[in-house]
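Take a look at the structure below.
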Amino acid sequence: MAAGTLMIPNLCGNMLAVPSFFLFFYFLLFFFSFPPTKTQFLPTPKTRQSFLLFTQPAYNASVFENSAARTYITSEVKMGITVGLPWYLDVKYSIESGDSESIFQAEEFVVGDFCFLRICTNGGSGATLNREVQDNYTLTVKASAQGGLEALVTVFIKVLDTNDLRPLFSPTFYSFVVSESAPLGTTIGRVTATDADVGSNGEFYYFFKNTVELFSVHPTSGFITLTGRPRIDKLDKLELEVQVIDRGMKLYGNNGISSTARLVLTVERVNEFAPVLSAVTVAPSWTDKNPVYVIVRVEDKDEGLSGEIEWVSITEGDPFELFVVERSPVANEYLVKTSARINWDTFPFGCNLTFQAKDRGIPSKFSNTQLVQLLVTKPDPILRNFEKEIYVVKLSEIAPPGTIVAVVKISPPPLSVNYSLSSLSDLMYFSINPLTGVIMTTRQLTKISQDFMHMEVVDKISQQRARVKITIEDANNNSPVFIRPPSTIAINESLPVGTVVLVVSAVDDDKGENGYITYTINGDQSLPFAIQQHTGELRITRDLDFESSKDTYTFAVRASDWGSPYRRESELNVTIRVININDNPPLFEKTSCRGMVSRDFPVNRTIVTLSAIDMDELGMVKYKILSGNELGYFKLNPDSGALLLQRSFTAETLRSGIFSLKVVATDGERSSDPAFVNVTVVRGGMPPKGFTCKETRVAQLLAEKMLTKASSIAGPKSDHRSMYIFSLNNQAPQFEALPTSILVREDLAPGASVFQVRARDGDSGFNGRVLFSISDGNKENSFNIDMDNGLITVLQPLDREQLDRYFLNITIYDQGIPTMSSWRLLTVIIEDANDNDPRFYQDNYSAVVAENSAIGSEVITITAFDKDMGQNGQLSFIMLTNIPHFGIDSITGTVFVASTLDRETFPTFVLKIEVKDKAEKGTRRSSVTTLSIIVEDVNDCSPAFIPSSYSARVPEDLPSGTVITWVQAQDPDIGPGGQVQYSLINDFNGTFEINSVSGILRIRKELDFETKQFFNLTILAEDRGTPRLQNQTFVEVEVVDVNENLYAPYFPDFAVRGSVKENSRAGTSVLPVTAKDDDNGRDGTLRYSIRGGSGLGTFTIDEDTGMIYTAGILDCETKDSYWLTVVATDRGATPLSASVEVFIEIEDVNDNAPLTSDPIYHPVIMENSPKDVSVIQIQAQDPDLSTKPSRLSYRITAGNPQNFFSINPRTGLITTTARKLDREQQAEHFLEVTVIDSPVTTRQSTVWVIVHIEDENDNRPTFPEATYRISLPERDRNRRVEPVYRVFAYDRDSGANGNITYSITDGNEEDNYSIDPKTAMVSSKKMVPAGSYDILTIKAEDNGDPPLWSSVKLYIEWIRKPIPSKMPLLFTQRHYNFSVPESTAVAQPVGVVAVSQLNTPVWFNIIGGRLAREMFYIPQNACGRNCSLDTGSFDMQFDLQVGVGTLVVAKPLDAEVQSVYNMTVQVTDGTSFATAQVFIRVQDSNDNPPVFSQPTYDVTVSEDAPADMELLRVRATDIDERARLSFSMYASVDPGSMRLFRVSPGTGVIYTADRLDYEARTQHILTVMVRTDIQYCFTATVRLFLPTAPLTFISYFFFSRSRTKSFHLTGTWLVLWWQWKTSMIMFPSSQEPHMTLWSMKHHLLGILYSR
């Protein structure tokens, strides 16, 4: 089809080819041809065509050159105009332009609805067609019809070639050069010839005039190919003749040669390729004795002598000839070495060497030159130094001998070292291991006075030096020493407090805190002395008293240092004697003595004795009278203190009779306080009375002091032996559980813990502090011990393979004076660790094995060793290379042949062999080596053809000597065993021959397809080995028939027509078409086929007879005619064909049922409507062309048993009858309307009409009771508004007509009561005494227009509060559970709640749950024994001894809105209250229809869809909780569709039930129903449109409906059906299946503009 054309249907349903610019006009016509409000699923009425339009804007046609007069041009498509049926257009064609020589003329030919354009050659013009002159014509043809209609079209005519010219060489002489080393198959050159004809007429063959073995010429391309090996010593030039022959001449039986060319081939020995040199520098090791600096590789692609390399030389850069080039054992490899030792320091910038090679060819060729810079630098010397220049360490001065001081090392480690200390004085205290660099102490450092020591370590081999700075840390190993020996001092007891009586001083040789001394007094803490801890000054802390305390003090002064971990101490014994002094005056035992004496008291008689005591006891006490004895009457004895009468009182006259004597006592230095003696002289002879004195208790005080002193003297004495014991080092340290030997793994890292040595010492302090050391046996200084805690650690890496055990002398010391020690031997056994890799005795191994070696043959034994012991040293061998040819003994390492070897497949093997130890702990260690195995060849391979067989298709007219194939056999053996020779077992009498060396197969005789079509050649290939092996292959040669088909088939008629009835069975014969062919035999045998046309796929044709049959069911309403392009093709080698256009008309039959505009109708009408009110008019049409709308009849076949409706049988108008519609009785009427098309051959369909009755306010509100009587307990003052009773009504009307408003119309003159206008709850807040009685009139009025109302009386009796019962007020249950169907009517009971009570009335009320109070209520009645039972409302039997409250429904229930109610019910007897919880579950009823998940479902199915293929899933939901859905196939427009599809009842999946046939029916309209399976059944239906036309673009719409007693339409859609066919634009079935007209228009216009 020409570009820019589209195929569109005409008004008869046939296809037209139109220019793309007409497409927009078509869309406008299509878009605006539909009514704006409703679109029917019916074919568009046919209207008369008003314009001319060619099927395409341009046509392509052809005609042979030199054609005779009135030869018609041929075209692959129909050329012309669709004229339409039944009105024909008289169309005439004329050539307007493009035919200046009048070679062509146009004719018209009408068949069916098409007027063909036919163009033939004009014999009267005298002009002929010559393709070589003009090969195409462009004609403009005009079509004209009555009414002035015109149209233009362009016809492109191509002039076809005939074989009227022969081929010619150009040039006729050729000369080529061929190398004697050129490989077989090399193209030498090409000869060319030309033929002005085209196609098969221009084909010709090349061939050699004479037989040639060394060369071949390709029969069609002219390429000269080398098929043998020319030798210059035998033949240096060859002259050949190449001929060319026209294939067309052979076709007509003429074998004459068209042209000949001369060919000269010169054989040359050509050194074709120059050597290719590449050089790579190598960095040799300085330890190599014969280093290689450059590796040169040379490759030469030539064979023989020309491929051999004569020399490789250094052409530049080596003027002193310091380098030589030696041939390597490796082929084509050369090594560059030095001829003498080179001092590379003289070549700081290296050498630039230029290399070149020369081959041995004639003439010789030189390779490329390559410059290589050889820069050899001496390796940098390895700088080895001590790891540190100065090692700084700290060491305790008490470190025992053997203590590790430091480890000095040279890094990186040299091969050998010899460490030593440079100073001999250092060897007094330290030693160094010459190999490990470990420095240890040899004695303690307590004798060293300096704080730092500097040593120098030298490696005697490298003379490297390092310094070691040791900071000697002071240890508290010295006790303080007093400067003066112990001393005794005497002090007066009169020294004041704070007096320094003694200063002690001690020194400590330790440093720091270890030498810092403090002083304390050791012993009695009650001493009257204290010592200053820092200065050692001993001071008096309290008064000394010789009389009351000790007179001698002996104690120890302790000097302590501040060292750690213990203090060291020394003590000084100090004795202080207190000297007694006269520091106490005498004291009288009695003072203030009073007494009387008579006047006649005798002289010298003691009156009273005074006694004084001197605490000091240093001398005698003397007494004397200081005053009061001026008259001399008294005398005081100075020693005894006796007071005597010295002179009689009678001798003189006394002035006064009272004497006051002042007496003192003195010790010679100190006098006592005076004592007074009052003597009263009385007259008469009275005897003197005793004197009374005041006791001073001096004697008692003296006794106490004496006792105190005695106690202090007799107190505990300080034990000097304790200090002595504390300071003695009595015991040597002892080991605790030290084993004789331990095991240590050799892989322990330095620093790892080995063993904890424990020791104890019974002494205390430093005497019991133990130090640890390894005094001997620590070879290689492998271990270290912490001198404080005894932890042995690894110092140097252990190596069991060098030393497997150590005998360590563990010595322990205490720090007493003198030091005591102990020692034990500890054997350290080094336990082997897997720290050594297994090692092979060789770096790599190689072996040679014959390829025919038997399985199990030993190839080589691999050996290895491991320094580890035990399992760590046991080895196993593993072959890492995973190949089946070899195996290895895991124990011995013997490699053996494991499978058959084949050198040709694997000539060498490089195996990786691993040896691994058998360590049980840790990671096993391994090593890998390489084993190279070379397989020796034996002649064990037969030649193998590649491929194993050959085939060739050879035209029968190929000239003799033509190469038809090239067989090749390969023999992987080497030497003579790999050289192959070919032979032909059967050459079919010399028809074929093969070259024994090259394997080229030629034909030697001409072939004849008619004589023999196939040859099966057997070719043998044999090698030259010992023994000789051979193989054979087969070459299938198919002789291809050369086209001798001279004449094309032809039909007697240009176009034919026929007819067939629609709905005819598939296979019905329509008409035969017959063609003729003037050829004979196979070339004249014809086959018929349908190549195109609108009936492609709808009809079939018998390929032998040409009879046309129907392929499926035809539908006149879908398509009333078809065009077929029938082709007749002969069976020639190059088939020729002819075509004829066949017009087939479909005759209509009544095979379609009427189809309504909508599948479901939902009209609405008011209830109580009068007679003959229109409900809805059903509209239907019949797709049959022969059926008119007036022939349809309508009737109601179901759903109208009471004759509420009638239908006009002609118009389909449904109206009301005289029967009144009552919505309250039936809200919806489901009518089934049947539409019948013809009274003769009847087809009918049904449609559902769901009539919805609109409500009218024709029902009054209704109260459940005629009157209400209740009794309530009296109410007190100041009560809040409380509910009284709920008086509700219900209205059967719906909407506003059923909404009720409540009011009190009578009995409430004092406004004591109020009512909720929505809930009808009557409330009151007044005080009501017992005995009161109220009658209220409650009015219920709906909101209809006009409104309706009703009223009821409410009798309220107020009674006295009952006497409280002795029994507690309790519900029979704490929780009540009820279930109620959601369909329960208003005022119907739900359940009862009860209380256990006797004789006392009770009242129930719902107090909890706002929504529950609206939906439910507990009615009351006049009090009997049970105030909650309304016997007039409910037929229930209750126990009179139990108070019962009945829950009733107050509003319609809906489980989908709320299914659970939870409320609190209260009961009271007027005094007490009780509550209970009530739980009500609303049981769901099937009151909701199922609903499909979406209003439309889209599906497109291909006619080749297999049975049981899933098409789609229709989904539906039902909000009822117990509803289970079941799907079923309900109906279809075509009854045959029901058997083609099925639906899964449980899932809703639509499946194909049988194979579909687009030709039988292009679409299927199905109705799927879903229904519930519970008591009240609901259903819903959905209509499915299933188009099967692969090129039909349809917008699909679906309908759903539901029914039980009533049906609910979920959606009404318009159905649009549009067929659009084109050979250029095709809408795939998956592309936008759901489109509106508007989106379709824009979609297609977008395609148009994009084109």
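Note that Cβ sites are derived from N, Cα and C of the backbone, with glycine treated the same way.
Curation plays no part in TrEMBL annotations; they are all automatic predictions.
These features come from TrEMBL:
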- 12-34: transmembrane segment (TRANSMEM)
- 55-169: domain 'Cadherin' (DOMAIN)
- 170-277: domain 'Cadherin' (DOMAIN)
- 387-482: domain 'Cadherin' (DOMAIN)
- 589-690: domain 'Cadherin' (DOMAIN)
- 736-840: domain 'Cadherin' (DOMAIN)
- 841-945: domain 'Cadherin' (DOMAIN)
- 946-1051: domain 'Cadherin' (DOMAIN)
- 1059-1156: domain 'Cadherin' (DOMAIN)
- 1157-1263: domain 'Cadherin' (DOMAIN)
- 1264-1356: domain 'Cadherin' (DOMAIN)
- 1372-1492: domain 'Cadherin' (DOMAIN)
- 1493-1570: domain 'Cadherin' (DOMAIN)
Stretch contact, the domain 'Cadherin' (1059-1156) with the domain 'Cadherin' (841-945), Cβ-Cβ under 8 Å, 3+ pairs: no
Does the chain bring the domain 'Cadherin' (170-277) near the domain 'Cadherin' (589-690), so that three or more CB pairs sit under 8 Å (pairs 6 or more apart in sequence)? no
Please list the DSSP helix, strand and coil residue counts for the domain 'Cadherin' (170-277). 9 helix, 47 strand, 52 coil
For the domain 'Cadherin' (1493-1570), the number of residues DSSP places in helix, strand and coil: 5 helix, 29 strand, 44 coil
Where does the mean pLDDT land for the domain 'Cadherin' (1372-1492)? 77
Of the residues in the domain 'Cadherin' (589-690), how many are helix, strand and coil by DSSP? 0 helix, 46 strand, 56 coil
Structural state census, the domain 'Cadherin' (1059-1156) (DSSP three-state): 4 helix, 46 strand, 48 coil
Residue distribution over DSSP helix, strand and coil in the domain 'Cadherin' (736-840): 7 helix, 48 strand, 50 coil
